[in-house]
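Some features that TrEMBL has for this protein:
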| type | residues | note |
| --- | --- | --- |
| DOMAIN | 8-126 | domain 'Response regulatory' |
| MOD_RES | Asp56 | 4-aspartylphosphate |
| DOMAIN | 149-403 | domain 'EAL' |
Amino acid sequence: MNQITLPNLLILDDEEEIAGILGDLARQCGFEVTITHEAGVFFEKLNEKTQYIILDLMIPDIDGVDVLRMLSGKKFSVSVILISGADRRVLQSAEALAIQYGLKISGVLEKPIRIREYQKLLTGLLSEQKNESTHSFTAGNRAAHEQTSVIGPEEIEQGIRENQFVLFYQPKINFKTGTVSGFESLVRWSHPKRGLVFPDAFIPTLESYPSLMDAMTEKLILQALAQCSIWNKQFPGIAVAVNVSPVSMNKLILPETIAKMIENFGLKNNQLIVEVTETQLLENMTSTLDILTRIRIRGIGLSVDDFGIGYSSLKQIHRYPFTELKIDRSFVSVAPYDKEALFICQAAIDLGHKLGMTVVAEGIETAEVGELMKQQGCDKGQGYFYSKPMPANTTLQFLAGFKP
């Protein structure tokens, strides 16, 4: 591999021996590594080329929380792996704080570091980067990609008008039957100049322009239903899920509009699932409850996404007529070696079932995690272990060739 293409890892740990071991293992996995033992040197070495950081929370000259706060002020983004010999709950609090600061946390490891766990984490990061590179994201064009955050409404409106927004599909696997029960649709922008653009670059702008968001939502639902009707000819009953923004939850005719679309494609209402995130339940609560209730009255599925990371109370979960609960990947992916995360998964599965919901585990990246979720009684699984999101023209081939 050419050295320029190696993912760049910067380590901050005052224990030289441990930092050296972490660095050597990372190099063996294929990372370009820089090791620092002091915060001052760390920030001197930190630059736009840095993609990953290993941060020890307990360093003499400055604590890790200060480092996280300072990282949040940088104009470039990095993925952080937190390590510490402190209590597990300290690590969890630091992780939550980092997320509040807008940082991406790729892993949390307790000292003494378990080598196998660390190597698995590094391998997963490399795999993730390779998947991103297939969507035109490489170290060389990372800066160009980040510039997409300034995409304005005029350009987005043109993209909607010219049908540049496309859906990729990630399968959901039924644990009991071992078959594909449906797909979640995920929007991408096939931009003529920028390449394939991910949602983080255009959703914030859309949310500031409700009319654009409504137009986008309608087009994507149509696109998803059209694809579902193609699947339905060979695989009857298969479902598709579409994420709907809280911005569109003010459009009171949405339930009727969706039901008419489903009818036009000759599908059953339960073949569409409308997904909303847990945090959305706190926004526009009255209109959201109105719209979701009327969607459910029509027999359309309702899913609460990313369950476990928001601030909704059990009362709020209970008041909405959800048919599906999706456990957030941050708990699922670490459940085999994090007892507290496993307890949360178990509680979510139990809660979902007692409320009459199907429970889906998101973020399954290994056979071990999939088997664990199945053993805990989870109904369905979704994640890179089964498939990364795929373009529409490959879904039929996937369905025909999938084996449990």
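Keep in mind that glycine also has a Cβ here, set from the backbone N, Cα and C atoms.
A TrEMBL annotation is a machine prediction, not a hand-curated record.
Mean pLDDT for the domain 'Response regulatory' (8-126) in this predicted model: 90. On its own chain, Asp56 (4-aspartylphosphate) has Leu12, Asp13, Asp14, Glu15, Gly64, Ile83, Ser84 as residues at least 6 apart in sequence with a Cβ closer than 8 Å to its own Cβ. Broken down with DSSP, the domain 'Response regulatory' (8-126) shows 55 helix, 30 strand, 34 coil.
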